[in-house]
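Now, the feature entries from TrEMBL:
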type	residues	note
DOMAIN	64-103	domain 'EGF-like'
DOMAIN	116-154	domain 'EGF-like'
DOMAIN	165-200	domain 'EGF-like'
DOMAIN	306-484	domain 'GAIN-B'
DOMAIN	488-734	domain 'G-protein coupled receptors family 2 profile 2'
SIGNAL	1-21	signal peptide
TRANSMEM	494-513	transmembrane segment
TRANSMEM	525-542	transmembrane segment
TRANSMEM	562-583	transmembrane segment
TRANSMEM	595-614	transmembrane segment
TRANSMEM	634-657	transmembrane segment
TRANSMEM	678-701	transmembrane segment
TRANSMEM	713-733	transmembrane segment
Amino acid sequence: MGAPHQLLALCVLLSLSGAGAQDSKNCALWCPPTSKCLNSSACRCNPGFGPAEIITRPLESCDDINECALSTKMTCGEFADCKNTVGSYVCVCSEGYVLPSGRKTFSNAKENECQNMNECTPEQNPCHNSTHCINSVGSYMCKCRRGWKPVPGSPNGPNSTVCEEVDECSSGQHQCHNSTVCVNTQGSYRCRCRQGWKPIPGYSNGPKNTSCKAEILFPAWTPPPGIHSKSLFRFFDKVQSLSQDFKPQVAKQTIKKLLEAMDGLLEVPGDIKNLSREDQHLVATWLLSDLEHTLRSLAQALPEGSFTYASPSSTELSLMVTENGQGNVTLGQSHARMLLDWAVATGAEDSDPTVVGILSSQHMEELLANASLALEPEKLAQLTEAHERPVRRVQGTLLSAVNSVFLSNTDTDKLASPVTFAFSHRLEEPGTELICAFWKSDNSRNGHWATTGCRKLGSGKNSTTCQCDHLSSFAVLMAHYQVEDWKLSLITKVGLSLSLVCLMLCILTFVLVRPIQSSRTTVHLHLCICLFLGSAIFLMGIENVGGQVGLRCRLVAGLLHYFFLAAFCWMSLEGVELYFLVVRVFQGQGLATRWQCLIGYTVPLIIVAISAAANSSGYGHTTHCWLDRKQGFLWSFLAPLAFVILCNVVIFVVTVWKLTQKFSEINPDMKKLRKARMVTITAVAQLFVLGCTWGFGLFLFSPESWHSTVLAYVFTVLNCLQGAFLYLLHCLLNKKVREEYWKWACTVTGNKYSEFASSTGGSSQQTRFLRPSESGM
């Protein structure tokens, strides 16, 4: 039984083996790579491929089946997602979830252990460092920190936000009290007291709710030393009252009242205008300095921002207060504009608010009139080269308002970067130059205009641009250059020296020649003495070399005023003598010598005293020591001069008329008439020379032009010929004087001629002193 069974099994195996060999030979060659051959006409798709399990046509394919799309058949559970793979699928935790085991995938929902993941841990924080990470179920959010804001233009999605710090102070988002200053910090801000303020006790003074009270003081004002002025004292009383009533909360009102008080002083200066020029300059220097110091202090009590005030008198103030100024700042008003760097305005190690201000005053010009102007040596050299003659002096005339600049930084003698100004001003006169100048005070707090460190960038019709490397009070000046005329100077020195010699000869002649001594000779003597002293002072002191109107210059101007007035006064006395000689020839003698001296020297003294009392500053000028032409002060000399000339002209007309009548009489006294005629002719000639000389002299100190130069030459020549003319008229043309000269000459040489003795013998016996009413002619 066993053998037959074994044989049957062997037959079956052989049969199957033959059938398999037959099937392998009949397998379809077109089966896809993702399938297996069943026979020559069918293929079976691998698991996970389809769409059908068996394909029987060559055009059919076995493609990957997306099991994840078959949601009804496949699920991975909660917080998980299906992820398709080639021929299969896996489950992964959703974004924001992880498996506790750390595995990345699992097979089905039964293996699902997904739980929430904290993305905001320090190791995994995906947010930008300018944001704050906030974890949520299955996700997170990047949010700007407090005090920060999203950067405009950056990707501001929930998970990609980029932020920047918010400046609450500059944006006005702070809640600081107006008695404090906002200081920006990293992501926040704090409030601190202003300079000169302190926290109020008892208040909740936290970083953001501080309340302060002021400790800012009104700077003390003191009058300039040596100045006695009721108007100035009244102004300082007003300032003292403002100082006593000052409260930082009303700093703006205090500033306005201070500027109004200053306007009142400058508009109605009262007795200040009677002060000397030096004292007026001293007052201006003190006012500018104290105003700058006070405005800088009071500005610390103002809130941040800009403040502008224009008074009814055209005084303008512009200032700006800021905590953290950067870059350039432009400040100004109608009179001036200023451009500077904030770094220049901030003081060294100064954490207080920075103040920049400019004050423009139109009326300050009254106090700074006729101030001297000092040019740089390089500028003087350029002018000398351009004019081909030395420039003796430069006189400046204010065209713009006086503009005072003040900063928190008090060290402004040398700035790190220059400051640019644009000044508005009046039109300049032809033949002048516009100069950028500043007021420079000396050790005594007096001052003058200077140009060192300032240069002109450009100029238009009504404005000029300047740039300076220091700060002070600035203005635009119109410069007049006084060019030295060496020819005129030589003529003046030589001619006046010759005139002084002739006048001295006249004086000696009138004193020593006894035969001609009379009341008229007395008049001539004192006339020559006054002209001699006046010419000597003119020669030695008329030029104001230093440019400052000091005591020496005023004294010279006063002496010239007195002696030249005295000369014309004595000339008027000669007219009176002529009246007594011709009109009242038979009615007694003329004025006694004591009355002549009293009138000749006292009347001009009274005129000079009244002029000095009325306006002492009228004596002296920056270029010459003579009467100032401003305010009509020159009339203190012109009026008496015109009066004398007019009176003498009237006397001469009457004299000529009387002489005509005398000559027409039946028995005229020809000797007396000829003498009267000669006296009249010499007096008229003398009046003509002296009157014409000072007629041209009136234009000697006028602004430089071609006609003033011509008149200066004419005056100089006539002035130099005065002494020679008087010596010729009263001495050389006088016969008795010539005889006396001849006698002196013979005495000196030891020669005595018979002709002289015979001709003078008879007359010498008759020599006598002439009556005061008789002439020496």
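Just so it is clear, glycine is given a Cβ too, placed from its N, Cα and C backbone atoms.
Proximity of distant same-chain residues to the transmembrane segment (494-513), defined by a Cβ-Cβ separation under 8 Å and at least 6 residues beyond the stretch ends, is recorded for 521-522, 524-525, 528-529, 531-532, 535-536, 538-539, 716-717, 719-724, 726-727, 730-731, 736-737, 740. Note on the transmembrane segment (525-542): residues 492-493, 496-497, 499-500, 503-504, 506-507, 510-511, 552-553, 556, 559-560, 563-564, 566-567, 570-571, 574, 596-597, 600, 624-626, 719, 722-723, 726 of its chain, located 6 or more positions outside it, place their CB under 8 angstroms from a CB of the stretch. Note: the stretches the domain 'EGF-like' (165-200) and the domain 'EGF-like' (64-103) are not in contact (fewer than 3 CB pairs below 8 A, sequence gap of 6 or more). Across the residues of the domain 'EGF-like' (64-103), the predicted structure has a mean pLDDT of 81.
Same-chain neighbours of the domain 'EGF-like' (64-103): 34, 46-51, 109, 111-117, 119, 137-140, counting only residues six or more beyond its ends whose CB sits under 8 Å from a CB of the stretch. Each residue of the domain 'EGF-like' (116-154) gets a DSSP state, and the totals for helix, strand and coil are 0 helix, 16 strand, 23 coil.
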